[in-house]
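Notes to accompany the following structure.
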Amino acid sequence: QGFNGKLAFAIAASAFGSSFQHGYNTGVLNNPQKIIEEWIQTTMQNRTNQLPAESTVTLVFSILVSIFCIGGMIGGGITGVVSDKFGRKGGLLLNNVLVVLATVCEASAKAAGSYELIILGRFLIGINAGLNAGLAPMYLAEISPVNLRGAVGTVYQLVITISILIAQILGLQSILGTKETWPTLLAITIVPAIFQMVTLPFCPESPKYLLLSKGKEAESQKALTWFRGTAAVHDEMDMMRAEAEAMRLLPKVTMRELISNNALRIPLIISLTVMCAQQLSGINAVMFFSSKIFSMAGLNEINSMYATLGMGGINVLMTVVSLFLVEKAGRKTLLLIGFGGMAIDTTLLTIGMLFAGEKNPVVSIFCVIFVLIYVVMFAIGPGSIPWFLVSELFNQSARPTASSLAVCVNWTANWLVGLAFLPLSDLMGSSVFVIFIVLQVLFLFFIYKKVPETKNKTLEEISAMFRQQSYQ
């Protein structure tokens, strides 16, 4: 109910053009890592006439990878300002300027003999991805009917999983992961930006933003009529007017207000914890270093690569499944199943890794299965729900500021996992996953105790929950 062609078009225009950048640039450097490191080494040698130390090349490549997350933190941090000033749709369109600049830097880096250009390009595309991570779920939540809000919100994570898989496939040596074509692999990030710049202008701005932030009632009703495919939008307009009236009695929500006001602080703590949980569950350790995990489990290089592609495919498939489950089972249920399943599975994986190797091929196969089950559990709920849960827990006046904080925290946790996992795995071996098991159990307990079910609830009903004693 409420789903139609125009809404589907708006979802595709906003989600594909934004979350594709997030996922594609997360996975694009995995397969061509050795080739790019060799090019960095050659570039350094040409400049100094001396062969650089291997540690220096590794450091430059590490900066190349991690600068994307630092850009994401900055992008997430300015989401509130951009969404208030330019709107949700306007912010998404303007954000594509960063993609164009990043593509020029990355595509010309090899010809210019400058790895610094790739670092700059990755930083710019990181800011773009951070902004997208706040703006796109906000836009999707505000254009969706209440009964489809969870399913539509899941689309953001679905496109991330698809784009990671595309990056992994295109990065194969048989396709674009070669010495000649890797700049093209990086430059493909312009394609979704072009798609969004062509399609999104045909979609209206968020009706809630038009009414509640700009006071444009006629434009808001026109936009809502477009999204619903019917002129019978009076009930929904009445609900938005009631929210607008309530907002007029409240001042603009600042960061200080979010922290000091109990009715806002509790959903803020929930939002930030769930965002942390998504990253500190260990998913990016598995995604970034899947080949290393599979080799630790005893697989050879070619089999590791195919296992990684299989993992990406399962991630996409299960995110599609979660799109249908989220409105039936509910948000909290799927988060509990996901984190509970990951905790059990990661425990089995840790035990398996102790015995895996050439002498125990059966155990190695089980370790690969455990990694795939881990991805299934993550995709069921923890992968998609945090992105739109923030938009569900806050009203219009607090949503941009809360989204800024939540996205910034998500990218910071992402960066910390990327930074710490390899040194810790060298130090602890397969026991490194014990850290994730402990965190998963703690997050599971927090979700059980504190996260409310928001399925089919209006924003006023959700706000009323936080005024009850059970959430104090």
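Positions of Cβ are set from backbone N, Cα and C atoms, glycine also.
Across the domain 'Major facilitator superfamily (MFS) profile' (11-455), the model assigns an average pLDDT of 90. As annotated by TrEMBL, domain 'Major facilitator superfamily (MFS) profile' applies to 11-455.
Residues or ranges marked as transmembrane segment by TrEMBL: 59-81 (among others).
As annotated by TrEMBL, transmembrane segment applies to 119-141 (among others).
According to TrEMBL, the transmembrane segment annotation covers 153-176 (among others). Long-range contacts of the transmembrane segment (153-176) within the same chain, counting only residues at least 6 positions beyond its ends with a Cβ under 8 Å from a Cβ of the stretch, are 11, 15-16, 18-32, 133, 136-137, 140-141, 144, 182, 184-185, 188, 192, 287, 305, 308-309, 312-313, 315-316, 319-320, 322-323, 326, 379, 383-385, 387-389, 391-392.
Annotation comment: TrEMBL describes 182-203 (among others) as transmembrane segment. Sequence-distant neighbours of the transmembrane segment (182-203) (same chain, 6+ residues past either end, Cβ-Cβ under 8 Å): 6, 9-10, 12-14, 16-18, 20-21, 24-25, 28, 32, 35-36, 39, 89, 92-93, 96, 99-100, 102-103, 106-111, 118, 121, 125, 163, 170-171, 176, 226.
For 266-286 (among others), the entry in TrEMBL reads transmembrane segment.
What TrEMBL records for 306-326 (among others) is transmembrane segment.
According to TrEMBL, the feature transmembrane segment maps to 333-356 (among others). Through the fold, the transmembrane segment (333-356) approaches residues 274, 277, 281-282, 296-298, 322, 325-326, 363-364, 366-367, 370-371, 373-374, 376-378, 380-383, 385, 429-431, 433-434, 436-437, 440-441, 443-444, 447-448, 451, 453 of its own chain, all at least 6 residues removed from its boundaries and within a Cβ separation under 8 Å.
When Cβ-Cβ distances below 8 Å are used as the criterion, the transmembrane segment (362-390) is approached by residues 133, 137, 140-141, 149-150, 152-154, 156-158, 161, 270-271, 274-275, 277-278, 281, 283, 286, 290, 293-294, 297-299, 307, 310-311, 314-315, 317-319, 321-323, 325-326, 331, 333-339, 341-342, 345-346, 348-349, 352-353, 355-356, 399, 402-403, 406, 410, 451, 454 of the same chain, each at least six residues removed from its ends. What TrEMBL lists as transmembrane segment is 362-390 (among others).
For 402-422 (among others), the entry in TrEMBL reads transmembrane segment.
Annotation source TrEMBL lists transmembrane segment at 428-448 (among others). Residues 273-274, 276-277, 280-282, 285, 296, 332, 335-336, 339-340, 342-343, 346-347, 349-350, 353-354, 421 of the same chain lie 6 or more positions beyond the ends of the transmembrane segment (428-448) yet place their CB under 8 Å from a CB of it.
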Message = Pairs of Cβ atoms less than 8 Å apart decide it: which stretch in 59-81, 119-141, 266-286, 306-326 has the most with the transmembrane segment (402-422)?
response = 59-81
Long-range Cβ neighbours of the transmembrane segment (59-81) (under 8 Å; 6 or more residues past either end) = 25-26, 29, 33, 36-37, 40, 44, 91, 115, 118-119, 122-135, 138, 288, 400-401, 403-404, 406-412, 414-415, 418-419
